[in-house]
Structures are given as C-alpha cells and as structure tokens.
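**Student:** I'd like to ask you about the structure that follows.
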Amino acid sequence: MQLMVVSGRSGSGKSVALRVLEDLGYYCVDNLPVTLLPQFISTVENNEQDIAVSIDVRNMPSESGVIQKTLNSLDDKLDINVIFIDADDKELVKRYSETRRLHPLSKHDMSLEQAIQSESAIVADIKEHADLVIDTTNKSIHDLSETVRARVLGRESRKLILVFESFGFKHGLPTDADYVFDVRFLPNPHWVPELKPQTGLDQEVKEFLVGHAEVNKLIYQIRNFIETWLPLLEKNNRSYLTVAIGCTGGQHRSVYVAQQLADHFLHDGQQVQIRHRTLESK
C-alpha cells in the first residue's frame, strides 16, 4: 500500500495535486492533523487502497521532527512518499492578490508577505524530508497535474526514477534539482547563424556538438558520476534523482547534454523522465 503525503505552502497547488491523486485511485483526505495519521492508517489499512493525505500549515506540529517521527512509526509495509508543492514568494503574493483569498496565517495580524514568510519556517521541516519538491512558480494547473501524474505513475516500478532537465541560467536555477551541472563553457551553437534558431534536439545542432571532444568528455564524466553513485542512492530509499543541466539560454547545449544522458540511462534499463524547461515554456 502506498501513502502519499502532500504538503507545501498555501497557494502553491496542494489541492490540485491531491485531486490528481484522487483521479489516480487514491483514497484522499484533506488537511489531516499529523498526530492523527497513525490512527487513520490503522482504520483504512485493510482496504488495500493507496492513500493520499494533505498536511498544511494549520495542522503542522509546533515541534520540529514530529512529522518524521510519525512517518517512521508507521507500518514498514507502507510505501511512503512525501511530495512538497512550492512556489516563490512573489508568485504566491500574486496568486493571493488575484483570488483575494485570505492566507491561513493572515488572521494573526500579519501582512500577506509576512504570512508567507512565516509559513516558510513552519513547513521547513517537512520540506527538508520531502522525496519530491515541485516548484509551481511557472506552472499552470495543467502543468502541475501532468507533473504529479507522471511522477506517481513512474513510481509503480518501485525503482529510483532519474529525472533529467535542461534549463537556462538566465531564467534561474531549478529548485527541484539534486545535482546541477553548468555546461556554459562548451562551444555554443548560438553563435552559428544557421544553428541559432534551432535547439539541442535538432540534427544539425547535435552534429555540431558531437564534433567537439570536450562535449563528449563532459557527458561521459557526468554519466560516470551518476553510474558510480546510483547504487548507494537507490539504497537510500530515494524515489527520484533530479539532474539539471544548465547553459545560458537553455536552448542548445543543456538540451543536447540532458537528452543524451536521458537516452543513455533509458537504454540502460533505468526509469527515466526528461524535461526541457526553456523549450516547454515557449
């Protein structure tokens, strides 16, 4: 039986994630106090149905470590996965301003900005222990739904899922990455006029990059790093390993390198997901 714990800052998209899990057949409970989790599990464990519960700031224990201790106390047969949904402060302020809803902590005589910052400290403990952090800053409801669906369905094999994503440094670092590799020192197809409008998925750009020894050497070294430590990472009960590859704009070099790595590990029999952040945003 799987137990999905969904948490995150208010306004980030927890309710959307929970609805996706419900659509996938999970028995869902919204805003369950952490202290009631063991009792709740004991009442439904014979149903043989996967469970998802959401925990928000209103039900967070005041003492740090309580959530992790509670999860550790549950039946070893449970496959527990914690998903944390988040967005940057400016985006959360924007969402609350557009919907005109009150933040759960606003009733404590705080401004919206203060409430959002205060919530960050309260939920920091569960975020630190999350198996997956999803940043919804630049995601639509549809994007978030597809991300949750892909990650959850991908976990059915119970193997660690390798997630490769390309990005552009000028658009900011991805917050969900476990490892970030900077490939801005590689030869740049951007400066070749006929290659400038293309991407790292196009054949001419591939031929340009594969023709440079340093590109091939870097891909080999990143691949070797992952292959060396993957067995230990799998033993650490991780659900995902997210490797981000960044170049200046996220169009050529990072796309090519991320795709090459994804293709290699997919061919090697690993569970792989690939995302090109800049290309998907266009």
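Note: Cβ is positioned from N, Cα and C throughout, glycine not excepted.
Below are the features I grabbed from Swiss-Prot:
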BINDING   Gly8, Arg9, Ser10, Gly11, Ser12, Gly13, Lys14, Ser15  ATP binding site
BINDING   Asp56, Val57, Arg58, Asn59  GTP binding site
**Student:** Could you tell me the C-alpha distance between Asp56 (GTP binding site) and Gly8 (ATP binding site) in angstrom, no decimals?
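**Tutor:** It is 7 Å, counting Cα to Cα.
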**Student:** Of the binding-site residues listed here (Val57, Arg58, Asn59), which is spatially closest to Gly8 (ATP binding site) when Cα positions are compared?
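**Tutor:** So, of the listed binding-site residues, the one sitting closest to Gly8 (ATP binding site) is Val57.
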**Student:** Relative to the mean position of the Cβ atoms of Asp56, Val57, Arg58, Asn59, the recorded GTP site, which additional same-chain residues have Cβ within 8 Å?
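**Tutor:** Here the non-site neighbours turn out to be Ser10, Asn31, Ile55, Met60, Pro104.
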**Student:** Compile a sequence-ordered list of residues in the same chain as Lys14 (ATP binding site), six or more apart from it, whose Cβ lies below 8 A from its Cβ; state 'none' when nothing qualifies.
**Tutor:** Val6, Ser7, Gly8, Ser54, Asp56, Ile85
**Student:** Specify all same-chain residues, apart from the site residues Gly8, Arg9, Ser10, Gly11, Ser12, Gly13, Lys14, Ser15, whose Cβ lies within 8 angstroms of the center of the Cβ atoms of the ATP site, ordered by sequence.
**Tutor:** Asp56, Ile85, Asp86, Ala87, Thr136
**Student:** In which DSSP state, out of helix, strand and coil, do we find Asp56 (GTP binding site)?
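**Tutor:** Coil, per DSSP.
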**Student:** Considering the binding-site residues Ser10, Ser12, Ser15, Asn59, which residue's Cβ sits among the greatest number of other Cβ atoms within 10 Å?
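**Tutor:** Output for this query is Ser12.
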